[in-house]
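Copied from TrEMBL, the annotated features are:
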ACT_SITE  Asp49  active site
ACT_SITE  Cys52  active site, nucleophile
ACT_SITE  His262  active site
SITE      Glu237  site 'Linear diubiquitin binding'
Amino acid sequence: YKLSVSPEMDIMEYCRKEWRGNTPAAKRMRKGYEAVAQKFASIRRIRGDNYCAFRATLFQALSQATQLPRWLQSEDFTMLPENLLSKYDWIKQWQLRQKPGKRMGEIRDELKEYLILLKKKWKNISEIKGPLEKQEACDKLFKNEEEEYSLYEALKFLMLNTAIELYNADKSGRRVPVFSWLLFARDTSSNPCQLMHNHLNHIGHSGGLEQVEMFLLAYALQYTIQVYRLYKYSTDEFITLYPNDPEEDWPVVTLITEDDRHYNIPVRMCQETML
């Protein structure tokens, strides 16, 4: 059994273990970790199985949640699968985790269950007042594989919904964020249907999230995802924000990556930083 989110470990201790050599890459990583250690005391390793961007982002969002996000509060949130499937026939080719070839009704019901679960878990965890109890509840949730993967399916579906909204907004001449053009400028995702077939259906199976999809995830959750990209240390891409012009009222979660493929999470903000 693999832990989804490992117990915390001192950041610099972790760095010394992982990056011992004297190669330019190792030196850059150590510098990067030193910079992160100015703000955070510990690191938690995230299990790497092509879901790690989801896992890291959702774990961070839930462990600091104090209320339900606005989009989760809406009455018709759990009706999304029904509404979208009634408009877009191609969504019935959605690839459910380890359950290919589902019929339309089953897909609709299953996706609805995932969204209900996301809302329930977010609500329950955000209502826990004590930081220790909240952390325990998050740890427990990310030890339940069945629930955990259901939540990732919900996130993927929310990304599809956001992509459809952005695509339609652009087609009707409304302003959309720049990443949306980049998303649909790819040969493999020139519209939401292709995005689903060639990208979203593969996340967690044969690949993780690409850079442009990190923007889409941030928009779907209405969270700013701040990432320390350690291999970019000493460039202006060392700390990257998705989206780069976030809404002021969006909460921020922080991740760490060494290569833009695998993500870990920094925890325990240093006292001075908090003040």
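Cβ coordinates come from backbone N, Cα and C, glycine included.
Just so you know, TrEMBL annotations never went through curation; they're auto-generated.
Taking CA atoms as the reference points, His262 (active site) and Cys52 (active site, nucleophile) are 6 Å apart. Across the structure, Asp49 (active site) and Glu237 (site 'Linear diubiquitin binding') place their CA atoms 25 angstrom apart. In this structure the C-alpha atoms belonging to Glu237 (site 'Linear diubiquitin binding') and Cys52 (active site, nucleophile) are separated by 21 Å. Looking at Asp49, Glu237, the recorded positions in this record, the fewest other C-beta atoms within 10 angstroms of the C-beta turn up around Glu237.
There are 23 other CB atoms within 10 A of the CB of Cys52 (active site, nucleophile), with all protein chains counted.
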